[in-house]
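Worksheet: the structure to be examined is printed underneath.
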Amino acid sequence: MTEAEKAGGAPSKWVFTFGDGRADGSVEDKDLLGGKGAYLAEMSRIGLPVPPGFTISSEVCAVYYELGRKLPDELKPMVDAALDAVGQIAGARFGDVDDPLLVSVRSGSRASMPGMMDTVLNLGLNDQTVEGLARRTADRRFAYDTYRRFIQMYADVVLGIDHGLFEEILENYKNLKGFELDPELAADDWAEIVTRYKAVVERELERPFPQDLHEQLWGAIAAVFGSWQNARAIAYRRLHDIPDDWGTAVTIQTMVFGNRGNNSATGVVFTRNPSTGANELYGEFLLNAQGEDVVAGLRTPQPLTEADSGASGNGKQSFEALLPEAFAELKRSCAALEKRFRDIQDIEFTVQEGKLFMLQTRAGKRSTQAALKIAVDMADEGLISREEAVLSLNANQLDQLLHPTLDPKAEMTVLAKGLPASPGAASGELVFAADEAVHLKAQGHTVILARVETSPEDVQGMHAAVGILTTRGGMTEPRRRRRPRMGRPCVVGAAAVHIDPEREILEAAGMQLRKGDIVTIDGSTGKIMKGRVTMREPDLSPDFTTLMGWADGFRRLRIRANADTPDDARQARAFGAEGIGLCRTEHMFFEESRILAMREMILAENSEGRRKALAKLLSSQRQDFIELFEIMAGLPVTIRLLDPPLHEFLPHGEDTIAAVADAMGVSLTHLKRRIAVLSEFNPMLGQRGARLLVSYPEIVEMQARAIFEAAIETGKALHDRVTPEIMVPLVSVKAELDIVKERIAATARAVEKERETSVAFQVGTMVELPRACLMAGEIGRSAEFFSFGTNDLTQTTFGLSRDDAGRFLSEYADKGIIPHDPFVTLDEAVGELMQIAVERGRATHPDLKIGLCGEHGGDPDTVNFCEKIALTYVSCSPYRVPVARLAAAQATLKNAALTDN
C-alpha cells in the first residue's frame, strides 16, 4: 500500500498542466485547482498568452497534512512529467545549465486569500544555472539580480530565515558604495550580494544554500502547502468563513520577466473601475520591473491609460503610450476575460521584451456602489441576465449604502471595541446622563450617550443622542432589543472601557475623556474612537433602484419591518417594506408623559385600580397606532402586546426611587416593597408575555381597544379597511393563547357595539420557546398566524443569555466550537425547531401565515433558510429591509436552481 493510500488519498490525477492554448483543467475545477490554477487553465483554453505551468491539486494538501506534513512519494513522477511538458512549451529545461527553466511556486485556494499564503519566485537558479541565464539573456546583471531575489525569498519562505538580515546586507552595501537605488548596482555588485546572501544562510543554518534544484522545488512546494496553516491564513479564514479542510492547491508556472529593459513592464488592471463601476480599464504599471517591485513601493507606478495620465496631471507616461501594441493586446484580453467570466476581472500581467503575458485573473474586488453599477450595466449590455445581476451582489454590502459610514481613508484613534448593536457611525459630544443628552440636544448639540448600562429612565436621552455606548451588555433582553429600533448607531458591551458617571469620565486605552469631548462610534464594527472621524453620507443611486426592482420581481418572501415609531415606519416604507412585522408596544409606555400612569397601574391593589390607571394611557396608545396605520396605508401591521415583566417599568437606584415615590404621592416604603415583590431572579423566563397578560387582563383590554379604535378611525380616513394583526408574545401553552384571544375578541365586540361598525383583525402568537415549536400543531388550531421571535428562541434553545454570551461566544468561534454567532446567523438547531413548528402548524392549519421577526430577519443566510422552509415573510430593522429584499430574491433564485437540478 502506498503512502497516499495509507492516508486515505490514493492518487488518480493530482497534477494538471496548462499552456500553449491547452489545459487539463478548467474554471469548473476550482475546488481542485484553486482560483489561481483554475483561471490560468481557462485563460490558456481560450487562447490568451499564459506562461505554461501546472497545478498540484488541493487533494495533495490534505494528504500532506495526513502524512504529518510530508509530500507523498507518488507525487514525484507526476511533477517530473509536468516539468518536462512545460519545458517543451517554454523552450527551456528545468536544471539545464545552458538554458534553464525558471518557475514560480504559488498558492491558490478555491476562495481568494490575497497575501495570506506563501510564494517563491525565480526558482531554478544555482551557481551553475545563473551563468546559463546570463549567457542566454546576454545580461549578467539581470541574471545575478534574479538570483539574489530568489535566495532572499527562498531563505525567508522555505528556510525560515529572517528576510531583514538580507535587507540589511543590501542596504549596508549600497551605503558603502554610495548607491541610493537598486538599479545603480552593476553585475559584479549583484554577484557580490549573492555571495554575502549565501554566507548568511550558511551561518544561520550551518549548511550551504541548496544547489540541488529539485531539492529547491520540493522545499518550495512543501512550504506553500505548509502556509495553509500559518497564523495569518488561519485568521483570514476565520474572518471570511472559509473552511479549514478546503486546503490549497500549488501552481508552478514558467517565470516571465518585466525587468528586461524599457520594452518590459509589470502591472495590474481591472476591466472596470472598481470604485465607480465605470466601464473603463483601470490600473497601473511599472516599466522595467518585477511584480515584487510594485509591492515594495520603492517606485511610483505609472497610469495605465492615456485618460488616466491626463487626469492625474503628474506628467508620467501611460502604458498605452509607451507600449501601444502590448496595450492593444491587453485591452483585447480584458474584453475576452469579461465575456468569458461575465464579471469584472482583476488581472496581473507582465510584458517581457514587448510580449504580453497574462499571469492571473480573478473576480475583482469592488465597492458596493460599483457592484450595483457593474451588475446593472452588464445586464443592460446583455453580458449577464437580470437574475445573474441580482445574484452577483453580496446582500450584506447594501448596509454600507444605507447609513453614514466611516471614510476608510480617514485617520482614526481607536480607543476600544465593543459589540456592534445597531449599524451606522456617529460623532458627538460625550455625555453620561440621559437628561443631559436631552438638554444639550434642545440647544442644538449632537451627543453620544455613554452609560454603564441603560434603564427605562434613559429612553428620552437615548432618543436625543445620535449614538449610544454602553460598557455592559447586562440589560434585560426586551430593553436591549429596543436600541437598534431607534435607528441610532449603538455599541454595547465595551468591557475595555471604564465609565465613571459621577466624575463624568470615560477611560480607555490609557486615555481619559471627559464630558463634552468628541467621540465617534461605529455601530457596524463596534469601534469606539477619539475625536471626530470623517464620514460618508448614504447615497442611493439609480442603479440601486433598478436592481432592487429586479430583485422584487424575483422574490417570493414578503419583507416587513420591525417598527415601533412613526419615524421607523416612514423609513421602512422608504426602503420598500411591505408592512410592519413587529411593533413593540412597550417602548410607548417608557416615555416621560406615560410612565407615571404605567407605574400607577403596577402599584394598584386591584383590577379596578389598574383599569383606572390604564385608561390614562388609552388615548396616547390609540394615537400611536393611528400614526402607524396611516403611514402603512393598508399594509399589514403586526402589533405585539406588552411583553416585558412589570418591574422593568419601575425605577432603579435610591435617588430615582425616592423621586418617583414623591411624584406619585406614595410612600417610599410602599414603592420599595412593590419593587421587591415584582423583582425576579431570571426575568427573561419569568412573568412576562402571555403569562403577564393572563394575570393582568386589563392590559389586554386597553391595548386591544386602542388598536381597534385606531383601526376604525384610520379606515374611515383612508376609505379602506385596516386589518391589524395582534400578536401574543411568549406563548408556550395553547390555553394561554385561548384566554388572551377571548379577551381580545370580547373587547372587539364591545368596540363594535360602541362604534356601530365592525372591526377586522387577526390574532396570532410569537413562537419563541422550544415548547411552542413542538406544540405548534396544537397552538396552530387557535392562532391565525405565527411569527418566530428568533432572539428569544435562540436564547432558550441554547440556554444562554444574549447579554452575557458576548463574553465567550467569540472564544467559542475562535476555537471552532460554534461556526458563528447564533444571534447573528440562525443556528441549525433553532432552524430545526422552526421547521418542526412550520410543519406541525400547517398540518392543523394549512393556510397558516408564518413569519420571522427577530433580528435574524436581516441576515441573508437566515433569509435563505426562511425561503427553504416556506415562511410567508421576514421582518427586520428598517435599515435592513433592502438587504432582506435582495437576500430573499437570491434565495428564490438559488432554491429554484437547486430544484431544477
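Positions of Cβ are set from backbone N, Cα and C atoms, glycine also.
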TrEMBL substrate site partner of ARG584, GLU768, GLY789, THR790, ASN791, ASP792, selected from ARG532, ARG640, ARG705: ARG640
Least buried by Cβ count (within 10 Å) of the binding-site residues ARG584, ARG640: ARG584
For the domain 'Pyruvate phosphate dikinase AMP/ATP-binding' (31-68), distant same-chain residues with Cβ under 8 A (at least six beyond the ends): 3-4, 7-9, 13-25, 75, 79, 82-83, 85-86, 89-90, 103, 106-112, 221-222, 225-226, 228-229, 245-256, 329, 333, 336-337, 340-341, 355-362
Cα-Cα distance, maximum over ARG584, ARG640, GLU768, GLY789, THR790, ASN791, ASP792, record's substrate binders, Å: 15
DSSP state at THR790 (substrate binding site), helix/strand/coil: helix
Cβ neighbour count within 10 Å of GLU768 (substrate binding site): 26
Binding-site residues listed as THR790, ASN791, least Cβ neighbours within 10 Å: ASN791
Model confidence over the domain 'Pyruvate phosphate dikinase AMP/ATP-binding' (70-304) (mean pLDDT, whole number): 93
Neighbouring C-beta atoms (10 Å sphere around the C-beta of GLY789 (substrate binding site)): 28
DSSP state at ARG640 (substrate binding site), helix/strand/coil: strand
